[in-house]
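Participant: Provided herewith is a single structure, encoded as structure tokens, for subsequent inquiry.
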Amino acid sequence: MAEQHDAGANGAHPQDDAAQLTRRGNGGSAARRSPGWNAVREVLIVMALAVVIAFVVKTFLVRGYYIPSGSMEQTLELDDRIFVNVIGAKTGHIDRGDIVVFDDTQGWLPEAPETRTGPVREGLEFVGLLPDSSQQALVKRVIGVGGDHVTCCDASGKVSVNGQPLDEPYIYPGAAPSDFAFDVTVPAGKVFVMGDHRNASADSRFHIETGTQFVSEDDIVGTAFVIAWPLDRFQFLHNPEQTFQDVPAAGGQ
């Protein structure tokens with residue numbers, strides 16, 4: 001009887017104690033698992049944030065590209081990796097002398113063969129860690145903006161903008177400013193572009209006859225501002241303002 005009284009005094013039956021021990025045991029097992037799960041969860045959160053940040057950077061700040069040809073030599077060399085500033089293009093700040101990357105919406109390039117990149121590469125392209133292979137893009141230098149009258153060649157063989165001959169130190173050594181004459185007026189919202197290696201660049205000049213010589217500002221992805229790879233080529237890219245500083249405003253010749 002005393003034992004029964006003691007059990008009643010404790011306010012719990014032996015089976016209740018067993019149930020409580022079972023619950024405590026389950027809780028302890030969950031507690032033992034929680035540090036590992038917390039670590040996994042933190043890794044997943046960090047990875048998700050990294051993807052979001054990379055996507056935002058690619059969409060609104062910078063994008064990476066590699067140079068597949070010699071049309072911009074010697075400013076940009078074959079296989080250089082460059083980064084472009086996306087903000088300037090989105091806000092409409094495109095100046096003469098800027099090196100721009102733009103989508104080929106007018107068929108300047110031959111149609112690229114369809115290739116399978118695989119999910120890993122597609123994911124890296126999506127977040128901007130690899131160049132986007134789904135779209136063809138070109139890189140050239142802006143020579144004329146909306147309203148500009150761009151001609152070649154004057155008595156010295158130079159390109160002129162609004163009547164002002166250009167001294168172009170960035171042109172590939174030994175190359176002429178242009179091998180043939182042209183005379184265009186750039187429409188509003190468009191730009192006229194040329195490669196620095198004029199003898200190796202199928203730029204705006206070569207598309208005058210088809211009427212596709214002007215690049216829409218809407219097609220411009222951004223302005224190149226740095227060569228990031230290879231390391232021995234690392235350098236920031238600057239607009240050669242001195243080349244265009246004496247060019248009068250459009251219509252002000």
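Backbone N, Cα and C atoms are what each Cβ position is placed from, and that goes for glycine too.
In case it's useful when we look at the structure, here is the feature table from TrEMBL:
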type     : residues : note
ACT_SITE : S71      : active site
ACT_SITE : K140     : active site
DOMAIN   : 41-229   : domain 'Peptidase S26'
REGION   : 1-34     : region 'Disordered'
TRANSMEM : 43-62    : transmembrane segment
Participant: DSSP on S71 (active site), three-state: which is it?
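Facilitator: In the DSSP reduction, S71 (active site) maps to coil.
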Participant: When you measure from the Cβ of S71 (active site), which residues in the chain that are at least 6 apart have a Cβ under 8 Å away?
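Facilitator: In sequence order, V139, K140, G195, D196, H197, A200, S201, A202, D203 meet the Cβ cut-off.
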Participant: If you draw a 10 Å sphere on the Cβ of K140 (active site), how many other Cβ atoms land inside?
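Facilitator: Other Cβ atoms found within 10 Å: 24.
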